[in-house]
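> One structure, as C-alpha coordinates, below. Some questions next.
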Ligand code: OAD
(Lines of atoms letter the chains of each structure in order from A and count residues from 1; the text may use other names and numbers.)
(Lines give C-alpha, C1' and ligand atoms only; values in the text may rest on other atoms or scores of the structure.)
Protein backbone atom coordinates (compact mmCIF):
# COMPACT_ATOMS: atom_id res chain seq x y z
CA UNK A 1 0.00 0.00 0.00
CA UNK A 2 1.18 3.47 -0.72
CA UNK A 3 -0.26 6.46 1.09
CA UNK A 4 0.19 9.88 -0.50
CA UNK A 5 -0.54 12.58 2.06
CA UNK A 6 -0.87 16.35 2.14
CA UNK A 7 -1.56 19.05 4.70
CA UNK A 8 -5.15 17.84 5.28
CA UNK A 9 -3.97 14.72 7.14
CA UNK A 10 -2.37 16.95 9.77
CA UNK A 11 -5.26 19.44 9.95
CA UNK A 12 -6.98 17.50 12.73
CA UNK A 13 -3.73 17.70 14.73
CA UNK A 14 -4.00 21.49 14.56
CA UNK A 15 -1.54 22.18 11.73
CA UNK A 16 -3.03 24.70 9.27
CA UNK A 17 -3.33 23.64 5.62
CA UNK A 18 -2.07 25.93 2.86
CA UNK A 19 -5.08 26.64 0.68
CA UNK A 20 -8.04 26.82 3.03
CA UNK A 21 -9.59 30.18 2.15
CA UNK A 22 -9.98 31.31 5.76
CA UNK A 23 -7.38 29.50 7.87
CA UNK A 24 -4.83 28.39 5.26
CA UNK A 25 -1.23 29.55 5.51
CA UNK A 26 -1.36 31.05 2.04
CA UNK A 27 -4.32 33.24 3.10
CA UNK A 28 -2.03 34.86 5.70
CA UNK A 29 1.25 35.32 3.85
CA UNK A 30 2.50 35.63 0.28
CA UNK A 31 3.82 32.15 -0.56
CA UNK A 32 6.47 33.51 -2.89
CA UNK A 33 7.79 36.00 -0.31
CA UNK A 34 8.03 33.49 2.50
CA UNK A 35 8.64 30.18 0.81
CA UNK A 36 10.90 30.64 -2.19
CA UNK A 37 14.60 30.65 -2.91
CA UNK A 38 14.27 34.31 -4.01
CA UNK A 39 12.49 35.22 -0.77
CA UNK A 40 15.29 33.60 1.23
CA UNK A 41 17.94 35.56 -0.66
CA UNK A 42 16.22 38.91 -0.17
CA UNK A 43 14.99 38.58 3.46
CA UNK A 44 16.27 35.42 5.21
CA UNK A 45 15.30 36.86 8.62
CA UNK A 46 11.58 36.87 7.72
CA UNK A 47 11.68 33.45 6.16
CA UNK A 48 13.60 32.03 9.14
CA UNK A 49 11.13 33.56 11.62
CA UNK A 50 8.17 32.07 9.77
CA UNK A 51 9.72 28.59 9.68
CA UNK A 52 10.73 28.79 13.35
CA UNK A 53 7.10 29.41 14.24
CA UNK A 54 5.92 26.48 12.08
CA UNK A 55 8.69 24.25 13.47
CA UNK A 56 7.57 25.05 17.02
CA UNK A 57 3.90 24.49 16.21
CA UNK A 58 4.53 21.14 14.50
CA UNK A 59 6.65 19.99 17.43
CA UNK A 60 3.91 20.96 19.88
CA UNK A 61 1.06 18.99 18.27
CA UNK A 62 0.47 15.23 18.26
CA UNK A 63 -0.31 12.70 15.53
CA UNK A 64 -4.05 12.12 15.07
CA UNK A 65 -6.18 9.06 14.32
CA UNK A 66 -5.35 9.25 10.62
CA UNK A 67 -1.56 9.13 11.14
CA UNK A 68 -2.05 6.34 13.67
CA UNK A 69 -4.25 4.33 11.30
CA UNK A 70 -1.63 4.53 8.54
CA UNK A 71 1.04 3.32 10.97
CA UNK A 72 -1.19 0.46 12.13
CA UNK A 73 -1.64 -0.77 8.54
CA UNK A 74 1.97 -2.01 8.76
CA UNK A 75 0.61 -4.97 10.75
CA UNK A 76 -1.19 -6.10 7.59
CA UNK A 77 0.71 -4.71 4.60
CA UNK A 78 3.99 -3.31 3.31
CA UNK A 79 3.07 0.36 3.70
CA UNK A 80 5.01 3.19 2.08
CA UNK A 81 4.12 6.77 2.98
CA UNK A 82 4.84 9.51 0.48
CA UNK A 83 4.16 12.85 2.14
CA UNK A 84 4.24 16.45 1.01
CA UNK A 85 4.19 17.46 4.67
CA UNK A 86 7.29 18.81 6.35
CA UNK A 87 6.00 17.80 9.78
CA UNK A 88 7.10 14.49 11.35
CA UNK A 89 3.66 13.28 12.42
CA UNK A 90 3.73 10.10 10.29
CA UNK A 91 7.02 9.06 11.90
CA UNK A 92 5.82 9.99 15.37
CA UNK A 93 2.71 7.85 14.81
CA UNK A 94 4.99 4.89 14.03
CA UNK A 95 5.23 4.70 10.23
CA UNK A 96 8.60 3.26 9.21
CA UNK A 97 8.86 4.02 5.48
CA UNK A 98 8.18 7.73 5.01
CA UNK A 99 9.42 9.73 2.02
CA UNK A 100 9.33 13.51 2.34
CA UNK A 101 9.04 14.85 -1.21
CA UNK A 102 8.96 18.47 0.06
CA UNK A 103 11.63 17.94 2.72
CA UNK A 104 11.48 18.14 6.50
CA UNK A 105 11.20 21.02 8.92
CA UNK A 106 13.04 18.94 11.51
CA UNK A 107 16.37 19.04 9.68
CA UNK A 108 18.52 22.06 8.83
CA UNK A 109 21.58 22.72 6.72
CA UNK A 110 23.92 25.49 5.59
CA UNK A 111 22.77 27.29 2.46
CA UNK A 112 26.39 27.69 1.31
CA UNK A 113 28.37 24.50 2.11
CA UNK A 114 25.39 22.18 2.69
CA UNK A 115 26.64 20.93 6.08
CA UNK A 116 23.94 19.58 8.38
CA UNK A 117 23.14 21.89 11.29
CA UNK A 118 22.80 20.10 14.62
CA UNK A 119 22.64 23.18 16.85
CA UNK A 120 19.77 24.60 18.84
CA UNK A 121 16.63 25.86 17.13
CA UNK A 122 14.91 28.51 19.27
CA UNK A 123 11.34 28.04 20.50
CA UNK A 124 8.91 30.35 18.70
CA UNK A 125 5.43 29.83 20.19
CA UNK A 126 4.02 32.98 18.53
CA UNK A 127 4.82 34.26 15.05
CA UNK A 128 7.28 37.16 14.90
CA UNK A 129 8.34 39.25 11.92
CA UNK A 130 12.08 38.73 11.85
CA UNK A 131 14.79 36.50 13.39
CA UNK A 132 18.33 36.26 12.05
CA UNK A 133 19.17 32.67 11.11
CA UNK A 134 22.26 31.08 12.72
CA UNK A 135 25.48 31.09 10.73
CA UNK A 136 27.52 28.06 9.72
CA UNK A 137 31.28 27.99 10.43
CA UNK A 138 31.75 28.69 6.69
CA UNK A 139 29.75 31.93 6.96
CA UNK A 140 26.64 30.58 5.21
CA UNK A 141 23.15 30.83 6.68
CA UNK A 142 21.33 27.90 8.28
CA UNK A 143 18.07 27.07 6.53
CA UNK A 144 15.39 24.38 6.92
CA UNK A 145 15.55 21.24 4.74
CA UNK A 146 12.30 22.14 3.02
CA UNK A 147 11.67 22.53 -0.68
CA UNK A 148 10.90 26.09 -1.69
CA UNK A 149 9.24 27.40 -4.83
CA UNK A 150 11.93 27.47 -7.49
CA UNK A 151 13.81 24.46 -6.04
CA UNK A 152 14.10 20.85 -7.16
CA UNK A 153 12.59 18.02 -5.14
CA UNK A 154 15.10 15.83 -3.25
CA UNK A 155 16.28 13.11 -5.66
CA UNK A 156 16.28 10.16 -3.28
CA UNK A 157 12.86 10.85 -1.73
CA UNK A 158 11.42 11.42 -5.19
CA UNK A 159 12.78 8.14 -6.57
CA UNK A 160 11.57 6.23 -3.51
CA UNK A 161 8.15 7.83 -3.98
CA UNK A 162 7.90 6.94 -7.65
CA UNK A 163 8.93 3.36 -6.84
CA UNK A 164 6.40 3.18 -4.02
CA UNK A 165 3.60 4.36 -6.32
CA UNK A 166 4.38 2.19 -9.31
CA UNK A 167 4.83 -0.93 -7.17
CA UNK A 168 1.68 -0.41 -5.08
CA UNK A 169 -1.42 -2.59 -5.23
CA UNK A 170 -3.48 0.33 -3.94
CA UNK A 171 -2.75 4.03 -3.46
CA UNK A 172 -4.56 6.08 -0.80
CA UNK A 173 -4.41 9.83 -1.45
CA UNK A 174 -5.33 11.80 1.64
CA UNK A 175 -5.62 15.47 2.47
CA UNK A 176 -4.08 17.06 -0.59
CA UNK A 177 -5.52 19.62 -2.99
CA UNK A 178 -3.62 17.82 -5.80
CA UNK A 179 -2.57 21.06 -7.46
CA UNK A 180 1.16 21.26 -6.70
CA UNK A 181 3.36 19.51 -9.25
CA UNK A 182 5.41 17.42 -9.64
CA UNK A 183 4.09 15.80 -6.42
CA UNK A 184 0.49 15.82 -7.69
CA UNK A 185 1.67 13.72 -10.64
CA UNK A 186 2.34 10.72 -8.38
CA UNK A 187 -1.31 9.58 -8.02
CA UNK A 188 -1.67 10.14 -11.77
CA UNK A 189 1.07 7.54 -12.30
CA UNK A 190 -1.04 5.06 -10.38
CA UNK A 191 -4.20 5.96 -12.31
CA UNK A 192 -2.32 5.56 -15.62
CA UNK A 193 -1.14 2.09 -14.68
CA UNK A 194 -4.57 0.92 -13.55
CA UNK A 195 -3.75 0.78 -9.83
CA UNK A 196 -6.79 1.49 -7.62
CA UNK A 197 -6.60 5.00 -6.17
CA UNK A 198 -8.71 5.96 -3.16
CA UNK A 199 -8.97 9.66 -2.42
CA UNK A 200 -9.93 10.88 1.07
CA UNK A 201 -10.79 14.56 1.18
CA UNK A 202 -13.86 16.49 2.40
CA UNK A 203 -13.60 18.59 -0.78
CA UNK A 204 -13.39 17.55 -4.42
CA UNK A 205 -10.01 18.03 -6.14
CA UNK A 206 -8.62 17.72 -9.67
CA UNK A 207 -7.91 14.05 -8.86
CA UNK A 208 -11.51 13.26 -7.91
CA UNK A 209 -12.78 12.47 -11.39
CA UNK A 210 -10.00 9.97 -12.14
CA UNK A 211 -9.67 8.34 -8.70
CA UNK A 212 -11.22 4.88 -8.42
CA UNK A 213 -13.13 6.02 -5.33
CA UNK A 214 -13.31 9.45 -3.73
CA UNK A 215 -14.49 9.56 -0.13
CA UNK A 216 -15.85 12.94 1.02
CA UNK A 217 -14.68 12.37 4.57
CA UNK A 218 -12.11 13.73 6.97
CA UNK A 219 -8.93 11.73 7.31
CA UNK A 220 -9.39 11.09 11.03
CA UNK A 221 -12.81 9.55 10.40
CA UNK A 222 -12.08 7.66 7.18
CA UNK A 223 -8.65 6.13 7.68
CA UNK A 224 -9.18 4.07 10.86
CA UNK A 225 -11.77 1.84 9.14
CA UNK A 226 -10.44 2.00 5.59
CA UNK A 227 -8.68 -1.39 5.44
CA UNK A 228 -11.91 -3.17 6.38
CA UNK A 229 -13.78 -1.20 3.71
CA UNK A 230 -11.24 -1.92 0.96
CA UNK A 231 -12.95 -5.01 -0.51
CA UNK A 232 -16.23 -3.11 -0.84
CA UNK A 233 -14.50 -0.04 -2.26
CA UNK A 234 -12.21 -1.57 -4.85
CA UNK A 235 -13.41 -5.17 -5.11
P1 LIG B 1 -3.44 22.21 0.57
O2 LIG B 1 -3.61 23.23 1.64
O3 LIG B 1 -3.27 22.69 -0.82
O4 LIG B 1 -4.67 21.21 0.57
C5 LIG B 1 -5.12 20.60 1.75
C6 LIG B 1 -6.24 19.65 1.38
O7 LIG B 1 -6.62 18.95 2.56
C8 LIG B 1 -7.49 20.32 0.82
O9 LIG B 1 -7.89 19.67 -0.37
C10 LIG B 1 -8.52 20.14 1.93
O11 LIG B 1 -9.86 19.95 1.42
C12 LIG B 1 -8.03 18.85 2.57
N13 LIG B 1 -8.40 18.68 3.98
C14 LIG B 1 -8.64 19.63 4.94
N15 LIG B 1 -8.94 19.06 6.10
C16 LIG B 1 -8.92 17.72 5.91
C17 LIG B 1 -9.13 16.59 6.75
N18 LIG B 1 -9.45 16.72 8.04
N19 LIG B 1 -9.01 15.35 6.20
C20 LIG B 1 -8.69 15.19 4.89
N21 LIG B 1 -8.47 16.24 4.07
C22 LIG B 1 -8.56 17.47 4.56
O23 LIG B 1 -2.21 21.27 1.02
P24 LIG B 1 -1.30 20.32 0.12
O25 LIG B 1 -2.09 19.64 -0.93
O26 LIG B 1 -0.52 19.48 1.07
O27 LIG B 1 4.50 22.74 -0.75
O28 LIG B 1 -0.34 21.38 -0.54
C29 LIG B 1 0.64 20.93 -1.42
C30 LIG B 1 1.88 21.77 -1.28
O31 LIG B 1 1.53 23.15 -1.43
C32 LIG B 1 2.51 21.74 0.09
O33 LIG B 1 3.33 20.60 0.31
C34 LIG B 1 3.36 22.97 0.07
C35 LIG B 1 2.42 23.96 -0.60
O36 LIG B 1 3.03 24.87 -1.45
C37 LIG B 1 5.69 23.24 -0.38
O38 LIG B 1 5.84 23.88 0.63
C39 LIG B 1 6.80 22.89 -1.33
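Each residue, glycine too, has its Cβ placed from N, Cα and C.
Features from TrEMBL:
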ACT_SITE  102  active site, proton acceptor
BINDING   51, 54  substrate binding site
BINDING   84, 85, 86, 87, 175, 176, 177, 201, 202, 203, 219  NAD(+) binding site
BINDING   110, 113, 136, 138  Zn(2+) binding site
DOMAIN    1-233  domain 'Deacetylase sirtuin-type'
> Taking the center of the Cβ atoms of 110, 113, 136, 138 at the recorded Zn(2+) site, which other residues in this chain have a Cβ no more than 8 Å from that point?
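The surrounding set, listed in chain order, is 111, 112, 114, 115, 137, 139, 140.
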> Which number gives the other C-beta atoms within 10 angstroms of the C-beta of residue 113 (Zn(2+) binding site), all protein chains shown included?
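Around residue 113 (Zn(2+) binding site), other Cβ atoms within 10 Å: 11.
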> Mind telling me which of the binding-site residues 84, 177 has the densest Cβ neighbourhood, counting other Cβ atoms within 10 Å?
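In terms of Cβ crowding, the pick is 84.
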> What is the separation, in Å, between the Cα atoms of residue 138 (Zn(2+) binding site) and residue 51 (substrate binding site)?
22
> Check the Cα distances from residue 84 (NAD(+) binding site) to each of the recorded positions 51, 54, 102, 113 and keep only the ones within 10 Å.
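Near residue 84 (NAD(+) binding site), where near means Cα within 10 Å, the recorded positions are 102.
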> Under a criterion of Cβ-Cβ distance under 8 Å and sequence separation of at least 6, what residues of the same chain contact residue 175 (NAD(+) binding site)?
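Spatial neighbours, sequence-distant, of residue 175 (NAD(+) binding site): 5, 6, 7, 8, 9, 10, 11, 17, 66, 200, 201, 219.
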> Non-local Cβ contacts of residue 110 (Zn(2+) binding site) (under 8 Å, 6 or more apart, same chain)?
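Listed in sequence order: 117, 136, 138, 140, 141, 142, 143.
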> Cα-Cα separation of residue 51 (substrate binding site) and residue 113 (Zn(2+) binding site), in Å?
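So the alpha carbons of residue 51 (substrate binding site) and residue 113 (Zn(2+) binding site) sit roughly 21 Å from each other.
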> Same chain only, sequence gap of 6 or more: which residues have a CB within under 8 Å of the CB of residue 86 (NAD(+) binding site)?
54, 58, 100, 102, 103, 104, 105, 106, 144, 146
> Taking the Cα atoms as reference points, how far is residue 202 (NAD(+) binding site) from residue 113 (Zn(2+) binding site) in Å?
43
> To what whole number does the mean pLDDT across the domain 'Deacetylase sirtuin-type' (1-233) round?
96
> Output: those binding-site residues from 86, 113, 138 whose CB lies less than 6 Å from an atom of ligand 1, in sequence order; none if no residue fits.
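By the Cβ criterion, which requires under 6 Å to ligand 1, there are no hits.
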> For residue 84 (NAD(+) binding site), what is the secondary structure by DSSP, using just helix, strand and coil?
coil
